[in-house]
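Here is what TrEMBL says about this protein:
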DOMAIN    43-175  domain 'EamA'
DOMAIN    185-308  domain 'EamA'
TRANSMEM  41-62  transmembrane segment
TRANSMEM  74-95  transmembrane segment
TRANSMEM  107-128  transmembrane segment
TRANSMEM  134-153  transmembrane segment
TRANSMEM  160-178  transmembrane segment
TRANSMEM  184-203  transmembrane segment
TRANSMEM  215-236  transmembrane segment
TRANSMEM  242-263  transmembrane segment
TRANSMEM  270-290  transmembrane segment
TRANSMEM  296-314  transmembrane segment
Amino acid sequence: MSPPPVIADAAVEPRLVASSSAALVKAHAARATATPVSDNAFLGIGFIIASTVFFAGSDVAAKLLTHTIPPVEIAWMRYVVFCLMVLPAVAWTGGRRGLATTRLPMQVLRALGMVSSAVVFMVALGHLPVAEATAINFVSPIFITALSIPLLGEKVGLRRWIAAAVGLAGVLIVVQPGGASFQLAALLPAVSAAIWACSAILTRLMSSEKPEVTLAWSAIVGFVVLTVAVPYAWVTPDATELWYGLIMGVGSTIGHWLLVLGYRRAGASLLAPFSYTQLVWASGLGFLVFGAIPGLWTLVGGAVIAASGLYTAHRERVRAQMERSAKAA
């Protein structure tokens, strides 16, 4: 499960921290969609593609765990890695200020959304091939478009609504409601995406908050909630499952770190197309590990969803340029 390319700046969730936790926190503080600090666009593209490899690998490890470990416990494993690697870095860079917030209720609500989204996606992985779950989960920009009207007061033009409708059509192609192979579990990645979109909207509403503060509260709230819930579904993992959990947590963490590095080196409109390479890696790893061959409709629907997301990213860039021009006038 990776952040949609259109709103990668909002993706402060439990797949953070890499080999250098402090470097990640500083990178978040720079904001992923800020003006690029480097003209090395090719390096940025390389970081984005590499991040999708790690995200896909993390999802494959999570699916391996779904065979024997409950979804809540899998999410808890991810948050354990998240906290162990992120919170010390936040404390080191910000001290007590790392938790200072003027929007505590909203921080908690946002973190709860992130936790819920992660758990729902884990449930989906237990029933669907990784490639199919990944393709459907990329529908988040559609929900962002819909929610930005009542919650952010944004004006959404006809072309963005058409792009959203196309993306929804892509989901229907993958899910194939009414088809002989349809299962309700196919709707779960879309539910996860919708919940994630709500959290992303809250991130935008808290734009005045420091990213490292939001990062810390996401870690703390998620860990506490899952720690309370996990005893009711606990299955003691064996050594292999612990390794899968470690791979899942560290892989998603490194993936997000690479994502941040990429968005610091080039603009979102350039990098967005390469985020969809995760569909390729998810398909390839799904075949290598599980022998799952993506169906034709999964590939076609994934392509349609990607096209919708790319156009939405383009319209976001145009809107941002118009806003900057209006302010400069």
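Cβ coordinates are placed from backbone N, Cα and C, and glycine is handled just like the others.
Whatever TrEMBL says is automated annotation, not expert-curated.
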For this session: Could you give me the DSSP helix, strand and coil counts for the domain 'EamA' (185-308)?
Result: 103 helix, 0 strand, 21 coil
Exercise. Mind checking which residues reach the transmembrane segment (296-314)? Cβ under 8 Å, same chain, six or more beyond either end.
Worked result: 4-6, 129, 131-132, 134-136, 138-139, 141-142, 145, 159-160, 163-164, 166-167, 169-176, 268-269, 272-273, 276, 279, 283
Exercise. Which residue counts does DSSP give the domain 'EamA' (43-175) for helix, strand and coil?
Worked result: 114 helix, 0 strand, 19 coil
Seminar exercise, completed: Relative to the transmembrane segment (74-95), the stretch among 41-62, 134-153, 160-178, 184-203, 215-236 with the most Cβ pairs under 8 Å is 215-236
Problem set entry | Stretch in 107-128, 160-178, 184-203, 215-236 most in contact with the transmembrane segment (134-153), if contact is a CB pair under 8 A | 184-203
Exercise. The transmembrane segment (41-62) and the transmembrane segment (184-203): do they have three or more Cβ pairs under 8 Å, with pairs 6 or more apart in sequence?
Worked result: no
Exercise. For the transmembrane segment (41-62), what are the same-chain contacts with Cβ under 8 Å, counting residues 6+ beyond its ends?
Worked result: 1-2, 15, 74, 78, 122, 125, 130, 133-134, 244-245, 247-249, 251-252, 254-259, 261-266, 270-271, 274-275, 277-278, 281-282, 284-286, 289
Exercise. So what's the mean pLDDT when you look at the domain 'EamA' (43-175)?
Worked result: 87
